[in-house]
Amino acid sequence: MALTQPTIPPPSHSQNPCNQTSIFEFLLWGLSERPEQQRFLFLLFLWMYVVTVVGNLLIVLAIGTDARLHTPMYFFLASLSCADILFTSTTVPKALVNIQTQSRSISYTGCLVQLYFFLTFGDMDIFLLATMAYDRYVAICHPLHYKMVMSCRRCTFLVTACWILTSLVAMTHTFLIFRLSFCSKKIIPDFFCDLGPLMKVSCSDTQVNELVLLFLGGAVILIPFVLILVSYIYIVSAILRVPSAQGRRKAFSTCGSHLAVVALFFGTVIRAYLCPSSSSSNSIEEDTAAAVMYTVVTPLLNPFIYSLRNKDMKCALVRFLRGKVFFSWGQ
């Protein structure tokens, strides 16, 4: 009697042999494939990470301990520095461990956790930069209403809203990645777990993920960017109407540091997320370089940009380092 092969239904998400989420791991492409560069990259990124954490922490402490800097602008700057510390800490320590141990592996769970926090703190940077632009707009274009508009309650609400929005966006993207199937030992073409590289190595349909990344991710990047540009169009036009040359210089100096950070951060983020790339080796290296710019270089430069271009910030840092702390209740 001839045996007929039973019809096997298509595997569900839990049956997919490619999706052994509890046991498999990914392999990260890393920062470079050349073995002779690993020691140099380890020392370089270790130095950048330490300087980033120390520099941003100094800004937070200087602002927190000097009552003269307890203003909305410096409150948002301290929040940005905290976000930068957390943002860099989601990717660089793991990259350093992988270089030191000569291992590229990251577990499935670890990858999703890293993705969630990376998106949360990265989007927090974007929203905070937009909030800081709004703060400068109110301060320069509506100075008489500034204290009323940017009250302590309003500033706290804005930062809290930024955290809630970033968490919701990160959860949405992470959940959609969780739905995908992956094969073990897949090489993620980056030095950390990000949306684009993870979708490239998935062995299931990523059309929904790509659409959500295009529309939701595009909105998260472009809407704040447009709001920043509009704010600075009004700011520049208001500054040009200031009769005093000294007043114009002070206003441009206050806004110049913020604009420099915005240009560096958004330029590399737009390149990484909104410009398509192929899977060739050269393209992977270009994407990795862009990722390094906004995940490592921008948080590294922020303390220098804000402190060197801001007289009040420089004075506060000097006072803090000399131990001359001014608390609000001590004045």
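Using the three backbone atoms N, Cα and C, a Cβ is placed for every residue, glycine included.
Summarising the annotation, TrEMBL assigns domain 'G-protein coupled receptors family 1 profile' to 55-306.
For 40-62 (among others), the entry in TrEMBL reads transmembrane segment.
Residues or ranges marked as transmembrane segment by TrEMBL: 74-93 (among others). Same-chain residues lying 6 or more positions outside the transmembrane segment (74-93) and placing a CB less than 8 Å from one of its CB atoms are 45, 48-49, 52-53, 56-57, 59-60, 63-64, 114, 117-118, 121-122, 124-125, 128-129, 131-132, 135, 155, 159, 191-192, 295-296, 298-300, 302-303, 306, 313.
Tertiary proximity for the transmembrane segment (113-134) is limited to same-chain residues at least six positions away from its ends with a CB under 8 Å from its CB atoms, namely 73, 76-77, 79-80, 83-84, 86-87, 90-91, 94, 106, 158-159, 162-163, 165-167, 169-171, 173-174, 177, 192-195, 198, 220-221, 224-225, 227-228, 231-232, 258, 261-262, 265-266, 269, 294-295, 298. Taken from TrEMBL, the feature transmembrane segment covers 113-134 (among others).
Sequence-distant contacts of the transmembrane segment (155-178) (same chain, at least 6 residues past either end, Cβ-Cβ under 8 Å): 72, 75-76, 79, 112, 115-117, 119-121, 123-124, 127-128, 131, 195, 198-199, 208-209, 212-213, 216-217, 220. Per TrEMBL, the feature transmembrane segment maps to 155-178 (among others).
The feature transmembrane segment is assigned by TrEMBL to 211-240 (among others).
Summarising the annotation, TrEMBL assigns transmembrane segment to 252-274 (among others).
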### Query
Over the domain 'G-protein coupled receptors family 1 profile' (55-306), what is the model's average pLDDT?
87
### Message
Six or more residues beyond either end and a Cβ under 8 Å away: which residues meet both conditions relative to the transmembrane segment (252-274)?
### Response
73, 122, 125-126, 129, 132-133, 136, 140, 195-196, 213, 217-218, 221-222, 225, 228, 232, 235, 239, 287, 290-291, 293-294, 297-298, 301-302, 305-306, 309-310
